[in-house]
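Engineer: My structure is below; once you've seen it, I'll send some questions.
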Amino acid sequence: MMICSLRSQSVRPLHGSEFVSGSKSLIPTKRSSLLPPLPARKISRQLTLSLSRPLHISSVESFGSSGTSARKDDGLIKCEAYEADRSEAAASAAGSDVAKRVKIGIYFATWWALNVVFNIYNKKVLNAYPYPWLTSTLSLATGSLMMLISWATRIAETPKTDFEFWKTLFPVAVAHTIGHVAATVSMSKVAVSFTHIIKSGEPAFSVLVSRFLLGETFPASVYLSLVPIIGGCALAAVTELNFNMIGFMGAMISNLAFVFRNIFSKRGMKGKSVSGMNYYACLSMLSLVILTPFAIAVEGPQMWAAGFQKALSDIGPQIVWWMAAQSVFYHLYNQVSYMSLDEISPLTFSIGNTMKRISVIVSSIIIFHTPVQPVNALGAAIAVLGTFLYSQAKQ
Ligand code: 3PG
């Protein structure tokens, strides 16, 4: 513990952690919430403090009305402080790093698990009730409702948005809607694993769009990593036993749409104070508004009602639970993925997304007994490996 004296020429509020290590003259900049307000008459004077080591302020006399020091009037403030302990600081930095890693690990594990469950229920519903436009709409509607309830009951903080926010969100929502419907249409026509193998080609779309539409350039290693991605996807597609053109094109369109969604999101989220969770909630709501008229036009209530009667007689009332599960899990996995995007770089996010596809591909093959030829599995493995090489090349 050491004692030092501050000559109060201009007393500005100070905070120990705001001092710069090694600086000879330390002038704090921000108001600490830990310190009481200063007497108004001292505000205009200058503070100087000479130190050679960083200090943590432990007590300050004459700050605030309760100060008892007799030296208030001669301009001196007695301040007790102790030298900052470097090992203490390093340990707390390492501790917060570990805590952050654990938090991201939990986000990733939750995101993948929720996504696997969503994909399973989504496919079960689509097998029994093949109306992808309606099921896509229901997932957005359920998510929107969940978030409205969370805001109303103050489980989640209501975001402060303005017209500008919704205007910037619009292109993101258009791309999200297209990508979501296209992926669901794809899964209604082909195996879940096949949709996700094609969707693992998303980095290739990202590079091609960035290169040819935005004029961005990349190192040669990035372009080279596209060879296994595209080659692997192509090999998996031509050897797919249940190949279907709509299923294939749906996954391809979804890839393209999500690349645009990510580009627009990045621009739209810059400088915005809306959290990842609320950003996704607003995205769901706007996408729901965009999608509903199209869903009615493409499929419509008559087809939905007739299809529902059939599904009910084939599956029983359980179909309702499956639909509820696919909708709730769709919202939850997206919400968690946007929450993790708040914490990590887009690159780490895309690596996480690829890992997610591996878990979805493997679990759906096991659960739905999807027939897989060795050469087909090889194509999928090459595509996924290419995505890893891509993420390494982009670092
Ligand atoms: C959807 O329905 O939006 C897709 O299943 C999304 O796929 P992804 O989040 O795995 O890219």
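Note that Cβ sites are derived from N, Cα and C of the backbone, with glycine treated the same way.
Automatic, uncurated: that is what TrEMBL annotation is.
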Engineer: Using TrEMBL as the reference, determine which range in 133-152, 173-192, 353-372 is annotated transmembrane segment.
Structural biologist: 133-152
Engineer: Write down the single range among 80-99, 220-239 that appears in TrEMBL as transmembrane segment.
Structural biologist: 220-239
Engineer: Suppose you look only at the domain 'Sugar phosphate transporter' (103-391); what would the mean pLDDT be?
Structural biologist: 93
Engineer: Which bits of the chain, at least 6 residues beyond where the transmembrane segment (276-295) starts or stops, bring a Cβ under 8 A of a Cβ in it?
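Structural biologist: That would be 133-134, 136-137, 140-141, 143-144, 147, 151, 156-159, 161, 165-166, 169-170, 172-174, 176-177, 180-181, 269, 331, 334-335, 338-342.
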